[in-house]
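K.L.:
There's a structure below that I have some questions on.
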Amino acid sequence: MEEGRQYRMNPEVFRAASSGDSSFFENLEESMSSTLLQVTFENNTVLHVALQFKKFDAAKNIVNLSPRLVYEKNSKGNTPLHVAAMVGDTSLVTLLIKHANELDVETGGRQLLSMANLDGDTILHVAVRYGNFEVVRELINENDPAELAMQVNKAGESALFLVVDSQDYDIATHILRNAPNCSYAGRHGMNVLHALVIHTSSYSNTRDFLPKYLKCREQDGLKGGGRVLVAVIWVFRFVKKVVEKWPSAIEEGDDSGWTPLHIAAHLGNEKFVKLLLENGNSPAYVRNTEGLSALHVAAKEDQYSVIKELMEACPDMYELLDNKGQNALHAAAESGGWAAFLFFRKKPEFEGLINQQDEEGNTPTNLAAINGHIYTKFELGEGRRVALNATNREGFTTMDNILLRKKLGSWPTVSTFCPALLIVGARPSLRGVLLKMGIRKLDPRKKSEMAGDDKDNGNGKGMSQSDFEKGVSKTNMLVATLIATVTFTAAFTVPGGFNQNGKVGEGLAVLRNKLAFRVFLIANTLAFGLSTTSLLVQFMASILLTNEVSFHGQMGRRAPLFTSWSIGALLSSEFERKKALKAMFRKLVWAHLELSGILSV
């Protein structure tokens with residue numbers, strides 16, 4: 001066998017197998033039996049080729065002539081049975097299994113069914129990957145003799161996980177119902193529940209479901225809309241069956257320790273959260289590798305309904321801390337979420353949460369200030385029970401962190417809410433006062449840390465605040481210079497030109513009495529003045545000798561404002577210039593017509 005496989009397949013043999021020429025194989029002489037051992041460049045045998053092109057009769061003749069070919073693998077490790085599963089022909093699958101049983105009554109069929117390719121995929125993996133339900137029915141009817149549903153590939157994926165991941169719900173239900181033993185494992189440490197939560201979160205609320213339903217209805221008509229409705233009904237029933245069969249799957253985390261409940265909390269899927277906690281609340285206390293519980297995740301992602309659902313099921317889970325010693329309010333303050341504060345602010349446990357310090361001594365209020373979340377800080381500062389003047393391990397209070405940002409110029413609107421915090425009792429620490437007076441210097445590491453917090457300030461490119469402002473400054477100077485140049489030139493090249501007839505008004509603009517011309521002059525003058533002012537402000541911001549970074553930042557931010565106004569004025573002047581020229585052109589046309597009439601007479 002191995003010796004014969006060294007021969008490359010003859011083109012005539014390939015054409016016979018791919019076209020289904022049964023007579024070619026029927027008339028094959030015994031002396032030419034080595035022909036069946038020829039392979040293609042990818043080590044496909046004639047049986048692989050015949051199956052690939054769904055040539056049942058040719059495949060039957062080949063198997064009768066050389067039964068051992070059913071076990072041969074190509075370069076990817078696929079047996080002929082793998083190929084039959086890919087093309088989805090149940091008759092071919094039945095044929096191969098039948099011949100395998102004839103070769104070895106004891107284990108022939110089971111051995112062939114259990115053979116895996118280089119990726120570790122069995123025939124069942126291949127069948128579900130290609131969505132061939134009929135093949136799956138043939139393999140797993142009333143039982144699973146080869147225990148295919150228990151096998152996982154090299155990526156750690158079971159057939160059930162693959163079919164749920166591809167959202168083939170009818171196949172998934174069939175496997176779960178008919179396979180006595182079934183694996184629910186998935187890639188990267190996930191399981192079937194992880195895949196279900198991820199793929200069906202859009203079905204859990206009307207806001208996301210309706211657009212999805214309408215889109216499918218538009219693309220595939222009633223069939224598409226019906227498929228979405230079936231998915232909604234099926235998914236929750238299927239989840240219940242999975243939970244009943246494998247209760248431990250709820251608490252199993254992936255490679256990062258994220259359980260299905262973590263993902264449901266992250267996506268705001270409160271229905272799934274409720275479903276996963278029906279049989280007990282222990283999954284809610286599971287933390288991932290960062291120490292985050294589902295409550296931390298929900299607070300971080302601003303998922304109010306999930307927070308409410310979790311707290312109703314586990315009223316004491318607010319005590320859970322992550323690896324940094326932070327509670328759910330810390331997570332919300334760090335990300336700028338409102339939901340956790342809105343939920344806890346009127347709860348008796350709020351005072352303990354809001355004043356709790358993490359391993360670095362930061363309360364949620366401090367973290368809100370450090371990360372620049374203005375509205376969250378107002379929400380925190382409204383309560384009388386909030387310790388706004390608590391210091392962290394560096395000795396900074398909430399007000400210190402705000403003032404430090406102001407000093408670094410990384411928070412342009414800080415002056416608008418500092419007074420409000422002063423009113424509710426926020427004060428700088430002794431160290432903060434010394435820093436402001438210049439008696440103490442800020443640690444360079446702290447300075448870079450504070451400045452580094454402002455990366456990706458809405459510019460979408462992850463650049464720092466200072467780099468972004470430099471780019472804006474350069475663009476502003478270029479645009480302002482161009483506008484100043486254009487408007488200055490326009491002042492000397494007025495539309496319609498000047499009067500040069502040697503009469504009264506010589507040297508004045510021809511269109512000086514037109515309203516459009518006057519508006520043009522006013523708009524052009526404004527554009528020139530504003531663009532020049534923008535350049536002047538930009539220049540002053542760059543040369544003034546002051547250590548107040550925020551002053552330079554504010555000056556630099558004012559310059560583009562003047563430029564934008566000058567652009568508006570320039571557009572207005574251009575519009576009026578065209579109106580004036582149009583009026584002059586109309587006058588010239590009428591003069592030409594009158595002259596033509598006189599000459600014709």
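Numbering starts at 1 and runs along the chain as displayed.
Each Cβ is built from the backbone N, Cα and C atoms, and glycine gets one as well.
According to TrEMBL, the protein carries these features:
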- 446-458: compositional bias 'Basic and acidic residues' (COMPBIAS)
- 472-547: domain 'PGG' (DOMAIN)
- 446-467: region 'Disordered' (REGION)
- 76-108: repeat 'ANK' (REPEAT)
- 119-141: repeat 'ANK' (REPEAT)
- 256-288: repeat 'ANK' (REPEAT)
- 290-312: repeat 'ANK' (REPEAT)
- 477-498: transmembrane segment (TRANSMEM)
- 519-539: transmembrane segment (TRANSMEM)
K.L.:
Given a Cβ distance threshold of under 8 angstroms, which distant residues of the chain, six or more beyond its ends, lie next to the repeat 'ANK' (256-288)?
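P.N.:
Long-range Cβ neighbours of the repeat 'ANK' (256-288): 189, 191, 193-194, 196-198, 200-201, 204-205, 236, 239-240, 243, 247, 249-250, 294-295, 297-298, 301, 303, 305-306, 308-310, 313-314, 317, 320, 322.
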K.L.:
State the residues, same chain only, that lie 6 or more residues beyond the ends of the repeat 'ANK' (119-141) and have a CB under 8 A from a CB inside it; answer 'none' if no residue qualifies.
P.N.:
76-79, 81-82, 84-86, 88-90, 93-94, 113, 148-149, 151-155, 157, 159, 162-163, 166, 168, 170-171, 174-175, 178-179
K.L.:
Counting by DSSP secondary structure, give me helix, strand and coil numbers for the repeat 'ANK' (76-108).
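P.N.:
Its residues divide into 23 helix, 0 strand, 10 coil.
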K.L.:
On the 0 to 100 scale, where does the mean pLDDT of the repeat 'ANK' (76-108) fall?
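P.N.:
In the predicted model, the repeat 'ANK' (76-108) has a mean pLDDT of 85.
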